[in-house]
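**Student:** Annotated domain 'ABC transmembrane type-2' per TrEMBL: B:41-268, in sequence order. The transmembrane segment annotation in TrEMBL covers B:43-66, B:72-98, B:119-143, B:155-176, B:243-262.
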Amino acid sequence: MTLAFETEGLVKRFGKTTALAGIDLAARRGTVLGVLGPNGAGKTTAVRVLATLLRPDGGRAAVGGLDVVRHAARVRRLIGLTGQYASVDEDLTGMENLVLIGQLLDLRRAEAGTRARRLLADFGLAEAAGRPARTYSGGMRRRLDLAASLVGRPQVVFLDEPTTGLDPAKRDDVWSIVRSLAGDGVTVLLTTQYLEEADALADDISVIDHGRVIAHGTPAELKHLVGGQTILVRPTDPARLPEVTAIVGEVSGRTPESPGRGVVTVPVEGDAAFTEVVRRLDREGIGVTELSLRLPSLDEVFFTLTGRHTGEEAAA
Amino acid sequence: MTLTVERPLSSEPARERRFGLVRHSLALGRRSLIKTLRTPEQLLDVTLQPIIFVVLFVYLLGGAISGSTHDYLQFLLPALMVQTVIFGGMATGVNLNADIGKGVFDRFRSLPIGRSAPLVGSVLGDLIRYLVGITSLLGFGYAIGFRAQTGPLPLLAACLLAVFFAFCLSWVYVLAGVLMRNPGGVQGLAFLTLFPLTFGTSVMAPEETLPGWLRAWVDINPVSHVIDASRGLMLGGPVAGPVTWTLLWGAGFLVVFAPLAVRAYRRRI
(Lines of atoms letter the chains of each structure in order from A and count residues from 1; the text may use other names and numbers.)
(Lines give C-alpha, C1' and ligand atoms only; values in the text may rest on other atoms or scores of the structure.)
Protein backbone atom coordinates (compact mmCIF):
# COMPACT_ATOMS: atom_id res chain seq x y z
CA MET A 1 0.00 0.00 0.00
CA THR A 2 1.43 3.38 -0.94
CA LEU A 3 0.69 6.31 1.28
CA ALA A 4 0.38 9.77 -0.27
CA PHE A 5 1.12 11.39 3.07
CA GLU A 6 1.39 10.36 6.69
CA THR A 7 2.18 11.75 10.11
CA GLU A 8 3.41 9.77 13.08
CA GLY A 9 3.22 11.06 16.62
CA LEU A 10 3.31 14.63 15.34
CA VAL A 11 3.79 17.20 18.10
CA LYS A 12 3.67 20.98 17.79
CA ARG A 13 3.70 23.46 20.64
CA PHE A 14 3.22 27.22 20.58
CA GLY A 15 4.67 28.47 23.85
CA LYS A 16 2.70 26.66 26.54
CA THR A 17 -0.12 25.64 24.21
CA THR A 18 0.13 22.17 22.73
CA ALA A 19 -1.54 22.33 19.32
CA LEU A 20 -0.65 18.77 18.29
CA ALA A 21 -0.17 16.17 21.01
CA GLY A 22 1.10 13.24 18.92
CA ILE A 23 -1.15 12.95 15.91
CA ASP A 24 -1.23 10.08 13.40
CA LEU A 25 -2.79 10.71 10.00
CA ALA A 26 -2.42 8.76 6.77
CA ALA A 27 -4.04 8.66 3.35
CA ARG A 28 -3.62 6.14 0.56
CA ARG A 29 -2.88 7.55 -2.87
CA GLY A 30 -5.95 8.87 -4.67
CA THR A 31 -8.19 8.99 -1.60
CA VAL A 32 -9.78 11.83 0.37
CA LEU A 33 -8.97 11.98 4.07
CA GLY A 34 -11.41 14.06 6.07
CA VAL A 35 -9.99 15.58 9.24
CA LEU A 36 -12.94 16.46 11.41
CA GLY A 37 -12.72 18.54 14.54
CA PRO A 38 -13.95 21.67 16.28
CA ASN A 39 -12.15 25.02 16.23
CA GLY A 40 -8.77 24.80 17.91
CA ALA A 41 -8.52 21.01 17.62
CA GLY A 42 -5.25 21.28 15.67
CA LYS A 43 -6.52 20.79 12.12
CA THR A 44 -4.83 23.86 10.65
CA THR A 45 -1.58 23.20 12.51
CA ALA A 46 -1.45 19.65 11.11
CA VAL A 47 -2.03 20.97 7.58
CA ARG A 48 0.64 23.65 7.99
CA VAL A 49 3.20 21.07 9.11
CA LEU A 50 2.39 18.82 6.16
CA ALA A 51 2.57 21.81 3.81
CA THR A 52 6.10 22.65 5.11
CA LEU A 53 4.94 25.95 6.65
CA LEU A 54 5.63 24.87 10.23
CA ARG A 55 8.37 22.71 11.72
CA PRO A 56 7.10 19.99 14.04
CA ASP A 57 8.50 19.76 17.57
CA GLY A 58 8.23 15.98 17.62
CA GLY A 59 7.21 13.00 15.53
CA ARG A 60 7.47 13.03 11.77
CA ALA A 61 5.46 13.92 8.70
CA ALA A 62 6.04 12.80 5.13
CA VAL A 63 4.47 13.55 1.76
CA GLY A 64 5.09 11.10 -1.09
CA GLY A 65 7.54 9.31 1.19
CA LEU A 66 9.62 12.50 1.61
CA ASP A 67 10.17 13.96 5.07
CA VAL A 68 8.62 17.45 5.23
CA VAL A 69 11.53 18.91 7.19
CA ARG A 70 14.54 17.30 5.48
CA HIS A 71 13.11 17.38 1.95
CA ALA A 72 10.89 20.48 2.22
CA ALA A 73 11.85 21.74 -1.23
CA ARG A 74 10.94 18.45 -2.92
CA VAL A 75 7.71 18.14 -0.92
CA ARG A 76 6.71 21.61 -2.17
CA ARG A 77 6.81 20.26 -5.73
CA LEU A 78 4.15 17.68 -4.85
CA ILE A 79 1.61 19.73 -2.93
CA GLY A 80 -1.07 22.35 -3.39
CA LEU A 81 -2.45 24.33 -0.45
CA THR A 82 -5.68 26.20 0.09
CA GLY A 83 -5.83 27.94 3.44
CA GLN A 84 -8.79 28.84 5.60
CA TYR A 85 -8.71 32.35 4.26
CA ALA A 86 -8.21 32.77 0.53
CA SER A 87 -4.48 33.10 -0.10
CA VAL A 88 -4.64 35.07 -3.32
CA ASP A 89 -3.37 38.56 -4.02
CA GLU A 90 -6.24 41.03 -3.79
CA ASP A 91 -4.64 43.64 -6.05
CA LEU A 92 -3.88 41.21 -8.88
CA THR A 93 -6.46 39.97 -11.35
CA GLY A 94 -7.50 36.32 -11.36
CA MET A 95 -5.37 35.78 -14.44
CA GLU A 96 -2.32 37.54 -12.96
CA ASN A 97 -2.61 35.53 -9.77
CA LEU A 98 -2.53 32.20 -11.60
CA VAL A 99 0.18 33.22 -14.08
CA LEU A 100 2.37 34.32 -11.16
CA ILE A 101 1.95 30.94 -9.45
CA GLY A 102 2.72 29.23 -12.78
CA GLN A 103 5.92 31.22 -13.19
CA LEU A 104 6.96 30.46 -9.63
CA LEU A 105 6.39 26.79 -10.47
CA ASP A 106 8.83 27.17 -13.38
CA LEU A 107 6.26 27.02 -16.17
CA ARG A 108 7.30 28.95 -19.25
CA ARG A 109 5.34 32.17 -19.58
CA ALA A 110 3.17 30.91 -22.45
CA GLU A 111 2.49 27.65 -20.60
CA ALA A 112 1.62 29.56 -17.45
CA GLY A 113 -0.89 31.61 -19.46
CA THR A 114 -2.48 28.57 -21.06
CA ARG A 115 -2.72 26.77 -17.74
CA ALA A 116 -4.22 29.85 -16.03
CA ARG A 117 -6.86 30.33 -18.75
CA ARG A 118 -7.80 26.67 -18.59
CA LEU A 119 -8.17 26.70 -14.80
CA LEU A 120 -10.17 29.95 -14.83
CA ALA A 121 -12.54 28.40 -17.37
CA ASP A 122 -12.80 25.16 -15.37
CA PHE A 123 -13.64 27.07 -12.21
CA GLY A 124 -16.22 29.38 -13.80
CA LEU A 125 -14.01 32.46 -13.54
CA ALA A 126 -13.31 33.11 -17.23
CA GLU A 127 -15.40 36.29 -17.29
CA ALA A 128 -13.83 37.63 -14.12
CA ALA A 129 -10.28 36.78 -15.23
CA GLY A 130 -9.33 40.41 -15.89
CA ARG A 131 -10.72 41.88 -12.68
CA PRO A 132 -8.71 42.36 -9.48
CA ALA A 133 -9.47 39.59 -6.97
CA ARG A 134 -10.64 42.15 -4.43
CA THR A 135 -13.79 42.67 -6.53
CA TYR A 136 -14.62 38.93 -6.34
CA SER A 137 -17.37 37.50 -4.13
CA GLY A 138 -16.42 35.13 -1.34
CA GLY A 139 -17.25 32.08 -3.42
CA MET A 140 -15.27 33.31 -6.44
CA ARG A 141 -12.28 34.08 -4.27
CA ARG A 142 -12.40 30.58 -2.80
CA ARG A 143 -12.53 29.09 -6.29
CA LEU A 144 -9.61 31.21 -7.42
CA ASP A 145 -7.71 30.05 -4.36
CA LEU A 146 -8.47 26.43 -5.22
CA ALA A 147 -7.41 27.02 -8.82
CA ALA A 148 -4.14 28.57 -7.57
CA SER A 149 -3.38 25.44 -5.56
CA LEU A 150 -3.84 23.29 -8.69
CA VAL A 151 -1.61 25.21 -11.11
CA GLY A 152 1.31 22.84 -10.53
CA ARG A 153 -0.77 19.67 -10.97
CA PRO A 154 -0.06 18.61 -7.39
CA GLN A 155 -0.27 14.98 -6.30
CA VAL A 156 -1.51 15.96 -2.86
CA VAL A 157 -3.88 18.85 -2.14
CA PHE A 158 -4.48 20.26 1.33
CA LEU A 159 -7.83 21.98 1.73
CA ASP A 160 -8.18 23.69 5.08
CA GLU A 161 -11.89 24.26 5.76
CA PRO A 162 -12.55 25.11 2.11
CA THR A 163 -16.29 25.66 2.59
CA THR A 164 -16.30 27.63 5.84
CA GLY A 165 -18.33 30.79 5.32
CA LEU A 166 -19.76 29.75 1.94
CA ASP A 167 -23.48 29.52 1.24
CA PRO A 168 -24.86 26.09 0.25
CA ALA A 169 -24.70 26.66 -3.53
CA LYS A 170 -21.04 27.75 -3.39
CA ARG A 171 -20.33 24.89 -1.06
CA ASP A 172 -21.67 22.46 -3.67
CA ASP A 173 -19.23 23.94 -6.22
CA VAL A 174 -16.32 23.24 -3.91
CA TRP A 175 -17.61 19.74 -3.26
CA SER A 176 -17.74 18.93 -6.95
CA ILE A 177 -14.17 20.23 -7.35
CA VAL A 178 -12.99 17.95 -4.56
CA ARG A 179 -14.77 14.99 -6.15
CA SER A 180 -13.28 15.65 -9.55
CA LEU A 181 -9.79 15.95 -8.02
CA ALA A 182 -10.20 12.61 -6.27
CA GLY A 183 -11.53 11.13 -9.50
CA ASP A 184 -8.31 12.17 -11.22
CA GLY A 185 -6.15 10.35 -8.71
CA VAL A 186 -5.17 13.33 -6.58
CA THR A 187 -4.93 12.69 -2.85
CA VAL A 188 -6.86 15.24 -0.81
CA LEU A 189 -6.66 16.19 2.85
CA LEU A 190 -9.81 18.06 3.73
CA THR A 191 -10.34 19.62 7.12
CA THR A 192 -13.87 20.43 8.15
CA GLN A 193 -16.14 21.10 11.09
CA TYR A 194 -19.07 19.33 9.42
CA LEU A 195 -19.64 15.60 9.58
CA GLU A 196 -21.99 16.01 6.63
CA GLU A 197 -19.13 17.36 4.51
CA ALA A 198 -16.70 14.66 5.59
CA ASP A 199 -19.39 12.06 4.91
CA ALA A 200 -20.07 13.45 1.44
CA LEU A 201 -16.43 13.63 0.34
CA ALA A 202 -14.07 11.52 2.39
CA ASP A 203 -13.02 7.90 2.00
CA ASP A 204 -11.70 7.95 5.56
CA ILE A 205 -12.28 10.29 8.44
CA SER A 206 -10.02 11.10 11.38
CA VAL A 207 -11.77 12.89 14.22
CA ILE A 208 -9.35 15.05 16.17
CA ASP A 209 -9.66 16.88 19.44
CA HIS A 210 -7.07 18.72 21.52
CA GLY A 211 -4.35 17.69 19.07
CA ARG A 212 -5.12 13.97 19.20
CA VAL A 213 -6.95 11.56 16.91
CA ILE A 214 -9.92 10.31 18.93
CA ALA A 215 -11.55 8.21 16.22
CA HIS A 216 -10.67 7.00 12.75
CA GLY A 217 -12.62 5.04 10.18
CA THR A 218 -14.73 5.13 7.07
CA PRO A 219 -17.78 7.42 7.22
CA ALA A 220 -19.99 4.32 7.61
CA GLU A 221 -17.94 3.05 10.55
CA LEU A 222 -18.00 6.42 12.19
CA LYS A 223 -21.73 6.84 11.77
CA HIS A 224 -22.27 3.38 13.17
CA LEU A 225 -20.17 4.34 16.15
CA VAL A 226 -22.29 7.36 16.93
CA GLY A 227 -25.69 5.81 16.24
CA GLY A 228 -26.37 6.34 12.53
CA GLN A 229 -28.97 8.97 11.74
CA THR A 230 -31.47 11.01 13.69
CA ILE A 231 -35.16 11.61 12.93
CA LEU A 232 -36.55 14.95 14.02
CA VAL A 233 -40.30 15.70 14.09
CA ARG A 234 -42.08 18.94 14.99
CA PRO A 235 -45.88 18.52 14.90
CA THR A 236 -47.95 21.52 13.79
CA ASP A 237 -50.09 21.14 16.88
CA PRO A 238 -47.79 20.98 19.95
CA ALA A 239 -50.56 19.19 21.86
CA ARG A 240 -49.99 16.10 19.72
CA LEU A 241 -46.35 15.78 20.75
CA PRO A 242 -47.03 12.82 23.09
CA GLU A 243 -48.60 10.87 20.19
CA VAL A 244 -45.60 11.65 17.98
CA THR A 245 -43.23 10.60 20.76
CA ALA A 246 -45.05 7.29 21.04
CA ILE A 247 -44.86 6.68 17.27
CA VAL A 248 -41.15 7.41 16.86
CA GLY A 249 -40.38 5.47 20.01
CA GLU A 250 -42.23 2.43 18.70
CA VAL A 251 -40.67 2.57 15.23
CA SER A 252 -37.09 3.05 16.43
CA GLY A 253 -37.30 0.91 19.51
CA ARG A 254 -35.44 3.59 21.44
CA THR A 255 -36.37 6.29 23.87
CA PRO A 256 -37.00 9.59 22.04
CA GLU A 257 -35.59 12.85 23.36
CA SER A 258 -37.06 16.32 23.28
CA PRO A 259 -34.14 18.68 22.68
CA GLY A 260 -36.41 21.74 22.29
CA ARG A 261 -40.02 22.76 22.89
CA GLY A 262 -42.44 20.97 20.57
CA VAL A 263 -39.69 18.82 18.95
CA VAL A 264 -38.86 15.18 19.34
CA THR A 265 -35.75 13.36 18.09
CA VAL A 266 -34.71 9.74 18.05
CA PRO A 267 -31.65 7.94 16.67
CA VAL A 268 -32.38 5.33 13.98
CA GLU A 269 -30.48 2.84 11.84
CA GLY A 270 -31.32 3.05 8.15
CA ASP A 271 -33.89 4.98 6.12
CA ALA A 272 -36.69 2.41 6.46
CA ALA A 273 -37.59 3.77 9.88
CA PHE A 274 -38.07 7.21 8.39
CA THR A 275 -40.55 5.96 5.79
CA GLU A 276 -42.41 4.11 8.50
CA VAL A 277 -42.63 7.24 10.68
CA VAL A 278 -44.00 9.24 7.76
CA ARG A 279 -46.61 6.55 7.04
CA ARG A 280 -47.76 6.38 10.66
CA LEU A 281 -47.96 10.18 11.04
CA ASP A 282 -50.07 10.32 7.89
CA ARG A 283 -52.36 7.54 9.09
CA GLU A 284 -52.97 9.33 12.41
CA GLY A 285 -53.57 12.61 10.57
CA ILE A 286 -50.76 14.45 12.39
CA GLY A 287 -49.53 17.49 10.49
CA VAL A 288 -45.86 18.45 10.81
CA THR A 289 -44.00 21.74 10.33
CA GLU A 290 -40.58 20.06 10.46
CA LEU A 291 -39.60 16.51 9.64
CA SER A 292 -36.06 15.47 8.88
CA LEU A 293 -33.61 12.62 8.75
CA ARG A 294 -30.12 13.86 9.36
CA LEU A 295 -26.64 12.76 10.27
CA PRO A 296 -25.48 13.46 13.76
CA SER A 297 -23.86 16.88 14.07
CA LEU A 298 -20.20 17.20 14.97
CA ASP A 299 -21.39 18.12 18.42
CA GLU A 300 -23.31 14.85 18.73
CA VAL A 301 -20.32 12.89 17.41
CA PHE A 302 -18.20 14.57 19.99
CA PHE A 303 -20.63 13.95 22.74
CA THR A 304 -20.67 10.26 21.88
CA LEU A 305 -16.88 9.98 21.60
CA THR A 306 -15.82 12.17 24.49
CA GLY A 307 -18.85 12.62 26.73
CA ARG A 308 -18.65 16.37 26.33
CA HIS A 309 -19.84 18.95 23.85
CA THR A 310 -17.55 20.85 21.49
CA GLY A 311 -16.20 23.96 23.14
CA GLU A 312 -16.52 22.39 26.60
CA GLU A 313 -13.30 21.70 28.42
CA ALA A 314 -12.71 18.16 29.62
CA ALA A 315 -13.36 17.73 33.33
CA ALA A 316 -9.96 17.51 34.98
CA MET B 1 -22.05 25.81 -14.09
CA THR B 2 -20.04 22.68 -14.53
CA LEU B 3 -16.76 22.32 -12.80
CA THR B 4 -14.48 19.81 -14.35
CA VAL B 5 -10.82 19.82 -13.65
CA GLU B 6 -8.64 18.96 -16.56
CA ARG B 7 -5.52 17.07 -15.63
CA PRO B 8 -3.81 15.27 -18.50
CA LEU B 9 -0.96 13.75 -16.53
CA SER B 10 0.77 12.66 -19.72
CA SER B 11 1.31 16.17 -21.12
CA GLU B 12 3.50 17.68 -18.45
CA PRO B 13 4.10 21.29 -19.52
CA ALA B 14 7.56 22.51 -20.43
CA ARG B 15 9.39 23.85 -17.43
CA GLU B 16 12.27 26.23 -17.07
CA ARG B 17 15.00 24.80 -14.91
CA ARG B 18 17.76 27.39 -14.89
CA PHE B 19 18.26 30.63 -12.97
CA GLY B 20 15.28 29.82 -10.72
CA LEU B 21 15.99 32.47 -8.10
CA VAL B 22 16.39 35.22 -10.69
CA ARG B 23 13.19 34.28 -12.56
CA HIS B 24 11.15 33.87 -9.36
CA SER B 25 12.41 37.17 -7.96
CA LEU B 26 11.58 38.97 -11.20
CA ALA B 27 8.08 37.44 -11.30
CA LEU B 28 7.50 38.57 -7.70
CA GLY B 29 9.03 41.95 -8.48
CA ARG B 30 6.52 42.34 -11.27
CA ARG B 31 3.78 41.54 -8.76
CA SER B 32 4.97 44.38 -6.46
CA LEU B 33 5.16 46.70 -9.43
CA ILE B 34 1.60 45.91 -10.54
CA LYS B 35 0.35 46.47 -7.01
CA THR B 36 2.09 49.84 -6.77
CA LEU B 37 0.85 51.02 -10.15
CA ARG B 38 -2.71 49.96 -9.24
CA THR B 39 -2.60 52.04 -6.05
CA PRO B 40 -0.71 55.14 -7.26
CA GLU B 41 -1.42 56.99 -4.00
CA GLN B 42 1.40 54.81 -2.62
CA LEU B 43 3.75 56.90 -4.73
CA LEU B 44 2.69 60.23 -3.18
CA ASP B 45 5.63 60.26 -0.80
CA VAL B 46 8.21 59.95 -3.57
CA THR B 47 6.46 62.38 -5.94
CA LEU B 48 5.37 65.24 -3.69
CA GLN B 49 7.76 65.04 -0.77
CA PRO B 50 10.92 65.95 -2.72
CA ILE B 51 9.13 68.88 -4.37
CA ILE B 52 7.95 70.14 -0.99
CA PHE B 53 11.50 69.81 0.36
CA VAL B 54 12.91 71.79 -2.55
CA VAL B 55 10.37 74.57 -2.16
CA LEU B 56 10.75 74.66 1.59
CA PHE B 57 14.52 74.64 1.78
CA VAL B 58 15.42 76.64 -1.30
CA TYR B 59 13.06 79.54 -0.71
CA LEU B 60 13.01 79.41 3.07
CA LEU B 61 16.68 78.85 3.80
CA GLY B 62 18.45 79.53 0.51
CA GLY B 63 18.80 83.25 1.03
CA ALA B 64 20.12 82.82 4.57
CA ILE B 65 22.59 80.04 3.78
CA SER B 66 23.94 80.88 0.34
CA GLY B 67 22.87 84.45 -0.16
CA SER B 68 21.01 83.45 -3.32
CA THR B 69 18.30 80.89 -3.96
CA HIS B 70 19.86 79.77 -7.21
CA ASP B 71 23.25 78.98 -5.64
CA TYR B 72 21.51 77.10 -2.88
CA LEU B 73 19.40 75.12 -5.35
CA GLN B 74 22.60 74.00 -7.09
CA PHE B 75 24.05 72.98 -3.73
CA LEU B 76 20.91 71.28 -2.38
CA LEU B 77 19.46 69.33 -5.29
CA PRO B 78 22.17 66.65 -5.71
CA ALA B 79 21.89 65.93 -1.98
CA LEU B 80 18.07 65.90 -1.96
CA MET B 81 18.22 63.37 -4.79
CA VAL B 82 20.13 61.02 -2.49
CA GLN B 83 17.72 61.65 0.36
CA THR B 84 14.72 60.98 -1.88
CA VAL B 85 15.86 57.53 -2.99
CA ILE B 86 16.89 56.58 0.55
CA PHE B 87 13.39 57.49 1.77
CA GLY B 88 12.04 55.36 -1.07
CA GLY B 89 14.08 52.39 0.11
CA MET B 90 12.78 52.75 3.62
CA ALA B 91 9.21 52.39 2.34
CA THR B 92 10.09 48.91 1.04
CA GLY B 93 10.35 47.66 4.62
CA VAL B 94 7.00 49.21 5.57
CA ASN B 95 5.23 47.80 2.49
CA LEU B 96 6.77 44.37 2.96
CA ASN B 97 5.65 44.27 6.57
CA ALA B 98 2.06 45.02 5.54
CA ASP B 99 2.28 42.44 2.73
CA ILE B 100 3.90 39.59 4.63
CA GLY B 101 1.03 39.05 7.03
CA LYS B 102 -1.40 38.34 4.20
CA GLY B 103 -2.44 34.87 3.13
CA VAL B 104 -0.66 35.09 -0.20
CA PHE B 105 2.71 34.83 1.59
CA ASP B 106 1.58 31.45 2.95
CA ARG B 107 1.19 30.34 -0.62
CA PHE B 108 4.64 31.65 -1.57
CA ARG B 109 6.07 29.68 1.35
CA SER B 110 4.38 26.49 0.17
CA LEU B 111 5.90 26.81 -3.31
CA PRO B 112 9.24 25.32 -4.36
CA ILE B 113 10.99 28.68 -4.66
CA GLY B 114 14.06 30.08 -2.92
CA ARG B 115 13.26 31.54 0.49
CA SER B 116 14.83 34.84 -0.53
CA ALA B 117 12.72 35.25 -3.70
CA PRO B 118 9.72 37.02 -2.07
CA LEU B 119 12.06 39.51 -0.36
CA VAL B 120 14.19 40.15 -3.43
CA GLY B 121 10.97 40.54 -5.44
CA SER B 122 9.66 43.22 -3.07
CA VAL B 123 12.94 45.12 -3.19
CA LEU B 124 13.13 44.91 -6.99
CA GLY B 125 9.50 45.96 -7.46
CA ASP B 126 10.15 49.02 -5.33
CA LEU B 127 12.85 50.23 -7.72
CA ILE B 128 9.94 52.03 -9.41
CA ARG B 129 9.74 54.26 -6.33
CA TYR B 130 13.33 55.44 -6.86
CA LEU B 131 12.67 56.09 -10.51
CA VAL B 132 9.53 58.13 -9.83
CA GLY B 133 11.24 60.04 -7.01
CA ILE B 134 14.28 60.98 -9.10
CA THR B 135 12.14 61.96 -12.09
CA SER B 136 9.91 64.13 -9.95
CA LEU B 137 12.79 65.83 -8.15
CA LEU B 138 15.00 66.45 -11.18
CA GLY B 139 12.02 67.54 -13.28
CA PHE B 140 10.97 70.11 -10.73
CA GLY B 141 14.57 71.16 -10.05
CA TYR B 142 15.20 71.78 -13.76
CA ALA B 143 11.92 73.73 -14.02
CA ILE B 144 13.04 76.20 -11.38
CA GLY B 145 16.56 76.58 -12.69
CA PHE B 146 18.81 73.74 -11.54
CA ARG B 147 21.47 72.78 -14.11
CA ALA B 148 23.96 69.93 -13.83
CA GLN B 149 27.42 71.33 -14.57
CA THR B 150 28.95 68.13 -15.88
CA GLY B 151 26.83 66.36 -18.50
CA PRO B 152 24.16 63.74 -18.97
CA LEU B 153 26.41 60.74 -18.31
CA PRO B 154 27.77 61.89 -14.94
CA LEU B 155 24.19 62.92 -14.04
CA LEU B 156 22.99 59.41 -14.86
CA ALA B 157 25.92 57.96 -12.92
CA ALA B 158 24.95 60.04 -9.87
CA CYS B 159 21.39 58.72 -10.05
CA LEU B 160 22.48 55.09 -10.46
CA LEU B 161 24.94 55.40 -7.59
CA ALA B 162 22.24 56.78 -5.29
CA VAL B 163 19.84 54.03 -6.36
CA PHE B 164 22.50 51.38 -5.71
CA PHE B 165 23.13 52.70 -2.23
CA ALA B 166 19.44 53.05 -1.37
CA PHE B 167 18.80 49.52 -2.67
CA CYS B 168 21.54 48.14 -0.41
CA LEU B 169 20.44 50.18 2.60
CA SER B 170 16.82 49.14 2.10
CA TRP B 171 17.75 45.62 3.30
CA VAL B 172 18.09 47.08 6.79
CA TYR B 173 14.41 48.07 6.59
CA VAL B 174 13.48 44.77 4.94
CA LEU B 175 14.96 43.03 7.99
CA ALA B 176 12.90 45.31 10.25
CA GLY B 177 9.85 44.63 8.06
CA VAL B 178 10.25 40.87 8.52
CA LEU B 179 10.94 41.07 12.26
CA MET B 180 8.46 43.68 13.46
CA ARG B 181 4.79 43.13 14.16
CA ASN B 182 3.16 46.02 12.33
CA PRO B 183 3.90 48.58 9.61
CA GLY B 184 3.64 51.49 12.08
CA GLY B 185 6.56 50.09 14.05
CA VAL B 186 8.71 49.75 10.95
CA GLN B 187 7.84 53.30 9.90
CA GLY B 188 8.73 54.61 13.35
CA LEU B 189 12.11 52.86 13.30
CA ALA B 190 12.77 54.05 9.77
CA PHE B 191 12.16 57.68 10.62
CA LEU B 192 14.17 57.41 13.79
CA THR B 193 17.24 56.18 11.90
CA LEU B 194 16.76 58.07 8.66
CA PHE B 195 16.68 61.55 10.13
CA PRO B 196 20.18 61.37 11.59
CA LEU B 197 21.37 59.41 8.54
CA THR B 198 20.15 61.81 5.87
CA PHE B 199 19.92 65.15 7.66
CA GLY B 200 23.05 64.48 9.69
CA THR B 201 25.16 65.21 6.62
CA SER B 202 26.11 68.18 4.56
CA VAL B 203 22.72 67.86 2.83
CA MET B 204 21.58 71.36 3.86
CA ALA B 205 24.64 73.25 4.96
CA PRO B 206 28.35 73.04 4.13
CA GLU B 207 30.25 70.82 6.52
CA GLU B 208 32.60 73.64 7.54
CA THR B 209 29.71 75.47 9.21
CA LEU B 210 28.90 72.59 11.57
CA PRO B 211 30.10 72.29 15.18
CA GLY B 212 32.88 69.78 15.83
CA TRP B 213 30.80 66.96 17.36
CA LEU B 214 28.33 67.06 14.48
CA ARG B 215 31.17 67.16 11.99
CA ALA B 216 32.53 63.97 13.61
CA TRP B 217 29.17 62.28 12.96
CA VAL B 218 29.02 63.58 9.40
CA ASP B 219 32.49 62.16 8.79
CA ILE B 220 31.51 58.63 9.82
CA ASN B 221 28.01 58.78 8.31
CA PRO B 222 28.00 56.68 5.12
CA VAL B 223 25.30 58.85 3.53
CA SER B 224 27.82 61.75 3.53
CA HIS B 225 29.88 59.85 0.97
CA VAL B 226 26.84 59.33 -1.25
CA ILE B 227 26.01 63.02 -1.09
CA ASP B 228 29.62 64.02 -1.81
CA ALA B 229 29.68 61.64 -4.77
CA SER B 230 26.37 63.01 -6.05
CA ARG B 231 27.60 66.63 -5.82
CA GLY B 232 30.88 65.68 -7.45
CA LEU B 233 29.15 63.95 -10.34
CA MET B 234 26.53 66.66 -10.93
CA LEU B 235 28.49 69.81 -10.19
CA GLY B 236 32.12 68.78 -10.72
CA GLY B 237 34.70 68.17 -8.03
CA PRO B 238 36.38 65.15 -6.46
CA VAL B 239 34.60 61.93 -7.38
CA ALA B 240 36.84 58.88 -7.02
CA GLY B 241 37.00 58.83 -3.21
CA PRO B 242 33.31 59.37 -2.44
CA VAL B 243 32.20 56.94 -5.17
CA THR B 244 34.52 54.21 -3.83
CA TRP B 245 33.28 54.73 -0.27
CA THR B 246 29.67 54.68 -1.44
CA LEU B 247 30.17 51.37 -3.27
CA LEU B 248 31.95 49.86 -0.27
CA TRP B 249 29.33 50.96 2.25
CA GLY B 250 26.51 49.82 -0.02
CA ALA B 251 28.09 46.40 -0.52
CA GLY B 252 28.61 46.19 3.25
CA PHE B 253 24.92 46.85 4.02
CA LEU B 254 23.89 44.34 1.37
CA VAL B 255 26.24 41.57 2.48
CA VAL B 256 25.30 41.92 6.15
CA PHE B 257 21.60 42.69 6.09
CA ALA B 258 20.27 40.76 3.09
CA PRO B 259 21.24 37.35 4.56
CA LEU B 260 19.94 38.42 7.98
CA ALA B 261 16.60 39.40 6.43
CA VAL B 262 16.31 36.10 4.53
CA ARG B 263 17.17 34.17 7.69
CA ALA B 264 14.57 36.08 9.70
CA TYR B 265 11.98 35.46 6.97
CA ARG B 266 12.72 31.74 6.98
CA ARG B 267 12.18 31.61 10.74
CA ARG B 268 9.06 33.71 10.83
CA ILE B 269 5.88 31.64 11.25
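Backbone N, Cα and C define each Cβ position, glycine as well.
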**Student:** How about the transmembrane segment (B:72-98) and the transmembrane segment (B:243-262): do they have 3 or more C-beta pairs under 8 A, pairs 6 or more apart in sequence?
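**Tutor:** Counting Cβ pairs under 8 Å, fewer than 3, so no.
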**Student:** In the same chain, who gets a Cβ under 8 Å from the transmembrane segment (B:119-143) while lying at least 6 residues past its ends?
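**Tutor:** For the transmembrane segment (B:119-143), the far contacts come to 21, 24-33, 35-37, 43, 46-48, 50-51, 54, 73, 77, 80-81, 84-85, 87-89, 91-92, 95-96, 99, 159, 162-163, 166-167, 170-171, 174, 178, 258, 261-262, 265.
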**Student:** Cβ under 8 Å, sequence separation of at least 6 from the ends of the transmembrane segment (B:43-66): give me the contacting residues as numbers and ranges.
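**Tutor:** For the transmembrane segment (B:43-66), the far contacts come to 36, 72-73, 75-77, 80-81, 83-84, 87-88, 91, 128-130, 132-133, 136-137, 140-141, 144, 204-205.
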